[in-house]
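Chemist: Sending over a structure as structure tokens; questions will come in a sec.
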Amino acid sequence: MSLERDLVSPDAEGDEQAVESALRPKRLGEFIGQGRVREQLSLVLESALRRSRPPDHVLMSGSPGLGKTTLAMIIAAELGMPLRLTSGPALERAGDLAAILSTLSEGEVLFIDEIHRMARPAEEMLYLAMEDFRVDIVVGKGPGATAIPLEIAPFTLVGATTRAGLLPAPLRDRFGFVAHMDFYDVAELEQVLRRSARLLGLELPDEGAHEIARRSRGTPRIANRLLRRVRDFAEVRADGVITRDTASAALNLYEVDAEGLDRLDRAVLGALLRKFGGGPVGLSTLAVAVGEEPETVEVVAEPFLVRQGLIARTPRGRVATASAWTHLGMVPPPDAFGAAAQPVLFEDPGAS
Ligand SMILES: Nc1ncnc2c1ncn2[C@@H]1O[C@H](COP(=O)(O)OP(=O)(O)OP(=O)(O)O)[C@@H](O)[C@H]1O
């Protein structure tokens, strides 16, 4: 993986996880942005607390790095309950899940990250656990196999997914509350950056915060990461103050462009324009053209490019918009997607 990809990849790896946990907001009141989700969630939690019952199960969907794990931790903290963390890929067999469920204490919050990647038998066990707080332990094999029901303590499941569309309907329907996390706007990311700078003991003037925020792909994890790289640059190449010019020079060095597009984003756009004339082209063909897995293109690059209005998903495949051509310094063809939305000048027949 290239340095540039690491820098703007929405996934956290290695040492970064330690820094991240230091920067995580701990309570709902500290959580920045996602106003609607915060308000809905605070109602769900408050009413559960009043009834002294565990709240409904919560599903959070959204791109990586938008704060799903942080919110799961906040839910447990607001309820004053312990949190157990696991992930879909770790639940390969039903037994893996049964081992966790059977040791939950009453009211505990169970967080399953990447819940769409859970194996089928574990998923089926989860249906019953979510609905009836019970699991069936199957003993024996073939016609003689028997299911022994095992009561489990009432708990709250918090599931997170980057691909809500992949969740089977029976699982999705068992969540009482679904939170859709959206990309953050620049003002919200500035707040995230100011908070992180305070916690890291950095001086961050507003102009520097703005420059980093607008290049952070709408993602707090990336904002925090860019802040640390800009800090390095400011300390080594400047006088330590993160001015707009320092931030901009640092981010140019790391090949994060003015709109926050990184090397993968530009590779996807470049392939779409140069190899496929702007599309439409299927996801897997596009992924092969940039040498990435289709899932990486779909989960990491595409949501942001769609949000920026640079590509569109159509039933026939991915299509570049007129803005994509302009972004890469090329002239959009007259029939480019979205070009019709631009004002078109007609000769006025009644003129003269
Ligand atoms: N609303 C927020 N306010 C302040 N900081 C935030 C917020 N959301 C996320 N962050 C910061 O971004 C980092 C990444 O958040 P988090 O790990 O919760 O994302 P995630 O959506 O769970 O990502 P993944 O799906 O990759 O696990 C956190 O360390 C936290 O510091």
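Placement of Cβ uses the backbone N, Cα and C atoms for every residue, glycine included.
No curator has checked TrEMBL annotations; they are predicted automatically.
Per TrEMBL, the features are:
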type: REGION; residues: 1-20; note: region 'Disordered'
type: BINDING; residues: Leu23, Arg24, Gly65, Lys68, Thr69, Thr70, Glu131, Asp132, Phe133, Arg174, Tyr184, Arg221; note: ATP binding site
type: DOMAIN; residues: 54-185; note: domain 'AAA+ ATPase'
type: BINDING; residues: Thr69; note: Mg(2+) binding site
type: REGION; residues: 185-255; note: region 'Small ATPAse domain (RuvB-S)'
type: REGION; residues: 258-352; note: region 'Head domain (RuvB-H)'
type: BINDING; residues: Arg313, Arg318; note: DNA binding site
Chemist: Hey, of the binding-site residues listed (Leu23, Glu131, Tyr184), which one tops the CB count within 10 A?
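Modeler: Answer returned by the neighbour count: Tyr184.
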Chemist: Radius 10 Å, atoms counted are CB only; among the binding-site residues Arg313, Arg318, which position scores highest?
Modeler: Arg318
Chemist: Could you say whether, by DSSP, Tyr184 (ATP binding site) belongs to a helix, a strand or a coil region?
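Modeler: Going by the DSSP assignment, Tyr184 (ATP binding site) belongs to neither helix nor strand, so it counts as coil.
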Chemist: C-alpha of Arg318 (DNA binding site) to C-alpha of Tyr184 (ATP binding site): distance in Å?
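Modeler: It is 24 Å, counting Cα to Cα.
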Chemist: Where ligand 1 binds, which of the binding-site residues Leu23, Gly65, Thr69, Arg318 are close by, with Cβ under 6 Å?
Modeler: Leu23, Gly65, Thr69
Chemist: What Cα-Cα separation, expressed in whole Å, is found between Arg313 (DNA binding site) and Leu23 (ATP binding site)?
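Modeler: Here the two Cα atoms lie 35 Å apart.
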Chemist: According to DSSP, which kind of secondary structure is Arg313 (DNA binding site) found in, if we only use helix, strand and coil?
Modeler: strand
Chemist: Sequence gap of 6 or more, Cβ distance under 8 Å: name the residues on the same chain that satisfy this around Thr69 (ATP binding site), in order along the sequence.
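Modeler: Looking at Cβ-Cβ distances below 8 Å from Thr69 (ATP binding site), excluding near sequence neighbours, one finds Leu85, Phe111, Asp113, Ala160.
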Chemist: On average, what pLDDT score does this prediction assign to the region 'Head domain (RuvB-H)' (258-352)?
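Modeler: A mean pLDDT of 83 is what the model gives the region 'Head domain (RuvB-H)' (258-352).
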